[in-house]
Ligand SMILES: [Zn+2]
């Protein structure tokens, strides 16, 4: 069992209710119910709307994942759940479900880190993670460069955004261009027909004295908005495709440049890219090009595994079981600001499976 | 019959086991900020006290509120998932009904009010401990003062606003023991209990942004 643990993972840190099932590094099921349509008219994720949707969707999504995987809940070796970081109320729904599920089935519970899960998911696509792995995590909530020598115990942040997350910048520019929410996919689509060199937008934090691995997208966002407003003020048509392409190029240029630089500086020959923005086609292409030029092997999961899902949580949970990491306690809480350096939330004192066995006659 | 009852719609995290005749074990802790942490260990403790394991349970009873949403969902999600894992029915009970039952008032009318925060209360009126007269509602105490004038009242929402509820008294919070006894009685009488869906009573706070903020300096 220890080599190929069968684990169910639950993810509710934002607006996707995700339930995934993996056996070791093999993906068996990836069921996701999204409330994104309910948020669209608000131009962003509304926490209370997301929490309500998680409660409604959880049981049907667990059912769907079990059917997809063709396994019985009794055969699980553990239940993993995103303990943080994320929206507090949304996380709590998933943590409550995972605790109840694990307890009722008499299985160990693993509260894991959302960011480490985004990295670990690539095991389902490209096999075991090289050690160390450099990871670029980019989404609506985070933009970070992380170096991990063991995804279950050692994740070191090298840099992160000092203002907006990359995905946030896509959402904001999409709004300025009246393209709706979420902004990532629609900007990607328009950009394909535009000229990325049409407008020279600024590259944040790339000066000689700027921090090497930190990001900033707030200045870029303002520069793009001003450029559009100036066009509109002059009564000219805004070249949406060129703006989208040039803006996107500015974002992915900085992301890939810094990621490749970090790999070289740390002597790491693997780069993993995860998070919702990793679904961006230009980011994938430019990263491929630059990694090839530098002799770095690029690992990017398929887009569906880049966005939030339960399979990534299950993947990290399975790794926790395989490596014999301590399970979480029944009083596990959701931690909206769980540090990236904590890949999981181990229980205190003695092993809780044993505790349940003693208290409730489970063996 | 073995019912596991739980409620997290008030500051109390409360769990009880009921064998169809009596409450055989229970736990109540008051901590409005730690529903998520306290509930599962409380379930574990109550089962251990009774010397039973969770899969002996034949049904789950859960308070469906109204109550502050974040805490309320902890109980509902836990109950739902227990139901799924054990393959047993999950019954909802209005939390205010549980409080009314616990108040043990034979002749009303009286009011049950819990704290809805934001200077409001969740409330309903009852003819007696088993009979609700009005749908649960959420209001500012001053706005319902005329409707509840002269009525005895129970619950933290009543105790919190003595101007509106001068004769407020205990119980302050709901207990799963009362919830379980109420549900056991209704089930034994063949009554249908409501589905375990939350009574939110308010829409989510969310505003549709009118437009993006212009950044060009004037
Ligand atoms: Zn994410």
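For all residues, glycine too, the Cβ spot is worked out from N, Cα and C.
Please treat TrEMBL annotations as automatic predictions, because they have not gone through curation.
Computed from a predicted structure; not experimentally measured.
Listed features, source TrEMBL:
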- A:27-314: domain 'Gcp-like' (DOMAIN)
- A:114, A:118, A:308: Fe cation binding site (BINDING)
- A:137, A:138, A:139, A:140, A:141, A:171, A:184, A:188, A:280: substrate binding site (BINDING)
- A:338-363: region 'Disordered' (REGION)
- Can you name the residues of this chain that are 6 or more positions from residue A:184 (substrate binding site) yet have a C-beta less than 8 Å from its C-beta? A:140, A:167, A:170, A:171, A:174, A:276, A:277, A:279, A:280
- Message: Nearest by CA distance to residue A:118 (Fe cation binding site): which of the binding-site residues is it, out of A:137, A:139, A:141?
- Response: A:137
- Under 6 Å from ligand 1 by C-beta, which of these binding-site residues make it: A:137, A:139, A:280? Sequence order, please. A:139
- Query: Can you count the other CB atoms that lie within 10 A of the CB of residue A:141 (substrate binding site)?
  - Reply: 21
- Tertiary neighbours of residue A:139 (substrate binding site) (same chain, Cβ under 8 Å, six or more apart): A:118, A:165, A:166, A:167, A:275, A:276, A:277, A:278, A:307, A:308
- Query: Sequence gap of 6 or more, C-beta under 8 Å: which same-chain residues meet both conditions with respect to residue A:137 (substrate binding site)?
  - Reply: A:115, A:118, A:119, A:143, A:144, A:145, A:146, A:273, A:274, A:275
- Item | CB-centroid shell, 8 A cutoff, Fe cation site A:114, A:118, A:308, site residues removed | A:11, A:13, A:82, A:86, A:115, A:117, A:139, A:274, A:275, A:309, A:312, A:313
- Query: Just going by other Cβ atoms within 10 Å, which of the binding-site residues A:114, A:118 has the emptiest spot?
  - Reply: A:114
- Given residue A:141 (substrate binding site) and residue A:114 (Fe cation binding site), what distance in Å do their CA atoms have, once rounded to a whole number? 11
